[in-house]
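A short write-up of the structure that comes next.
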Amino acid sequence: MLARPSTTVLARRPFFRFRGCLNEPRPTKARCLATAATHHQIPSTVDDKALVDLFDQPSLSKVRSHFHSTGLFGHPSLTHPRSLVSLAESTLVRAQLLTQRILDAKESEDELAHVVKNLDRLSDMLCGVIDLAELVRNAHPDRLWVEAGNHAYETLCEFMNVLNTHTGLNDTLKTVLSNPTLVKSLDPEAYQTALIFSRDFEKSGIDLPPATRNKFVSLSSDILILGRQFLENASTPRPPTSVKASELAGLKDKGMGVRLQLQAQFTNRDLQVYPGSLQAQMIMRAAPNEEPRRKLYLAANSSTPEQIHVLETLLKKRAELAQLVGRDSFAHMTLDDKMAKKPEHVTNFLDALIDHTRPFARNALRTLAQRKQAHHNLPALPVIQAWDRDFYCPPDPPAPPIPLPPLTIGTVFMGLSRLFRHLYGVSLRPAQAASGEVWHPDVQKLEVVDEQQGIIGWIYADLFPRRGKASGAAHYTVRCSRRTDDDDEANDGMFEGTELQIQESQQFEAVKRHRLPNQEGVYQLPLVVLLTEFARPSLSKGAAVLEWHEVQTLFHEMGHAMHSMLGRTEYQNVSGTRCATDFVELPSILMEHFLNSPAVLSLFDADNTTSLRQIGNHHNDPCHAIDTYSQIMLAVVDQVYHSPSVLNSSFDSTNEFANLVNKRGLIPYVPGTSFQTQFGHLFGYGATYYSYLFDRAIASRVWSKVFSRDPLNRELGEQYKQEVLRWGGARDPWEMVSTLLDQPELAAGDAEAMREVGRWRIEDEVGNSGRH
C-alpha cells in the first residue's frame, strides 16, 4: 500500500500508506537502569512560567501579530476555503507527475535507485494535505472551511485508493527488490522501507488476477460501508425501560434519586429511563432493589436482529477478504506487521494475562459477594450478577497518588515542559501566532525547543469545547518529519500548462523545511494539534481547574506529541506515531505513569516551595482487577470474531460471546443480551483490541525497571529517547523494548516473548493496590 495519513492516533485513517525506515547508528553507552533518585530539579524558566499565563489568562495572550499575516499553519496561500481546494488540485497534479516518474523508473538504473525515496515523497505530498484537511474537517468553526476540507480530503483519498492497487507501482518496486545490485546499494533504512511497501501492496491484493482483484475491491468497499453502519448502530441509544417508583425505594442518592421518586409519585406513572443516561447510571450505583438494575442492564445490552446482522456480515466479509489473499483469517492478515505477528501469539499473551489476573479478580468478586451477602442478610455467598457491579463497587473518580493543590491547564503545561527538559533537554515555549495562522481564537501555539538544536517542531493546542468541534481528546499529526534536501524535485517533470499549480504545491511544501544545527541535511519539522474539551477559563471565575482524569488525558496526549517531535526520521512514513498499532500507545501510557511520582508532581510548583511525598493516597479497589479481567475478555472476543470460525454456517456472534463468558468469564452471561453490537472497537481495532492491554504491560515494565526510582534522571530520559522515541516506527519494536529493558531474549518477538509481556502486567499493576 502507498500511505496512511497520520491524523488522529489510531483513528480516522484511510487504509493507505507508504512507510519508511530510519537506521541511524545508536550511540553506545553504559546501561543505566533506575537507581536511587539523586538528581536535583532544574529550576523553572521564564518560558515555563509564561505557559501558565498563556493558558490560564488567555485574554492576555490572544493578541495576534497584525504586522505579519499569513494563512493556516503559516502557509501564506491558505487564507480562504477556496485556497484549500486549489491546493488539493495542485497537489494532485504533482502527485500524478511523481507517480509517472516512478512508473518510468524501470528505464533507468539511476531512477530505480530513487524509487523508495520517491514513494515516500509521494506519500508525504498527499498526506501533507490530507492530514491538514482532516484537522480542518474536525476543528474549524467555519462551515465553508469544513466543506473545503471535506473536498480536499475526499479528492486526494480517492487518488490514494487508485494508487493502493496500482500494479505498475508494485511492479517497479519488485524490480528494485529483485535486483541484487540495487538491493545492496540500499542502506538498511531504505531496504526495510521497501519491504514494508511491498508487504502493504500485497495486503491490498495487488498480485491477484484481475477478476479476483475486482472482488477484493468490492469486498473492501462493502467492509467500509458495513463498518460505518456498525458504528452508527453501536452509538444508537437503546430503548428506555420502565421503572416503578416502588423499585426505587431506599435509593442511596439523595439528589437525583429523590427527584426521580418525586416525579414518579407526582405523575403516578412508571419512569421511562434510558440506558446510559445520568438517571440510569445513578440507579445502577444507588438502587438497593435488584430489579431496576437488572432491567436497565438488559435494556443497555439489547440489540435488534438488524444490528446483529450488520456486525456478523462485517465479520464474514473481513474473513472472505483475508482468504482471498491467501490468509487463514482477518486476524492473520492484520497481525502480520504488528508486534504480535500472528493470532497464536496474541492468544499466548491473553492466556498469560488471564492466568495471572484471574486469582486477583476472583478475590475481588468474593469481596463483592460478601457485600451482597451482608446487604441481603443471606446465609451463603450469593452469585454476583452483571448488574451488581456498580452497586457493590461504585466507581470512584481517578485521584492523584498524593494530595495536590488545584491544577490549572497552565500549571500542567508548565510541569510538562519542566519534565521534558529534565528527560530530553526539550521544553515548550509560548509562540505568538500570526493573524490567520490559527482557525479559532482559543488556539494557542507552542514551540518545542531543543537545548542544542533550537525549535524542532510545533504544537497547536485547541483545548476548549465549542459547537462543531470533534468531541473527546485527540492528537493530530498535521505534518510529519522527513529529510527533504535529497528530494531531486527537478526531475519530477511537468505537464504542459501546469506550471502555476506545481509552483503552488512546491511553495506549500517549502514552508515546512528547516536546517537544524548539528544535523546533516534539511528537514521537514513535525507539527501536531492537540484537541481537548477542558473547561474554559473566564474573567469572573479565573483559571479552570482540571479534574485528575483530565490531567492524565493531557499527559497521555502529550506523550503522543513528544513521540512526533522526537521521532524525526528521514522517511515520513515511519516518523513519530507512524508505527505498529500494538506499539503506538507505549509513549503515551508511559507518560501517565510519571504522574505517580511525587518528584514529577512537584514540577507543578514553579518555585519549588511545596514539599511532596508519598503518603498513601491510593486505596484498595476490588473492582480494578474485575475491570482488567473484563478488558481481557473483550480482547479474546475480538480474536474469536476475527478467526476462521466466522465463515462457519453455524457462526452466531451472540452464542460465541455467551459461551466465552460462561467458560472463561467471572460473572455469568445474561441471556437475551448482545453487547457485541456496541463494541465499536471491533471496527477500528479489528483483531488488535489487545493492543492497549499490551502497551500498558510494556509501559508498566518500562516505568518499573527504568524510571520509577529516578524519574527526572536525564541519562534515563536520553536512553529512552535514543532507544525508542527517536526511531518512530523505523525500527523493530521488539528490538527497541529488549534493548531498553536489557532483555535480549525479547528481541525475537515470538510466542514466549508475548507470554512474558503477559506476565509483566500482573507484576506491575494487578499485583499492586490500584485506583479505579
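Every residue, even glycine, has its Cβ placed from backbone N, Cα and C.
The following features are taken from Swiss-Prot:
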- E557: active site (ACT_SITE)
- H556, H560, H563: Zn(2+) binding site (BINDING)
- 1-33: transit peptide (TRANSIT)
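This view paints the features noted in Swiss-Prot onto the structure.
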| residue | record | Cβ contacts under 8 Å, 6 or more apart |
| --- | --- | --- |
| H556 | Zn(2+) binding site | A473, S588, I589, M591, E592 |
| E557 | active site | A473, A474, H475, L530, T532, S588 |
| H563 | Zn(2+) binding site | G576, T577, V584, P587, S588, L725, G728 |
Provide the number of Cβ atoms within 10 Å of the Cβ of H560 (Zn(2+) binding site), excluding the reference atom itself.
25
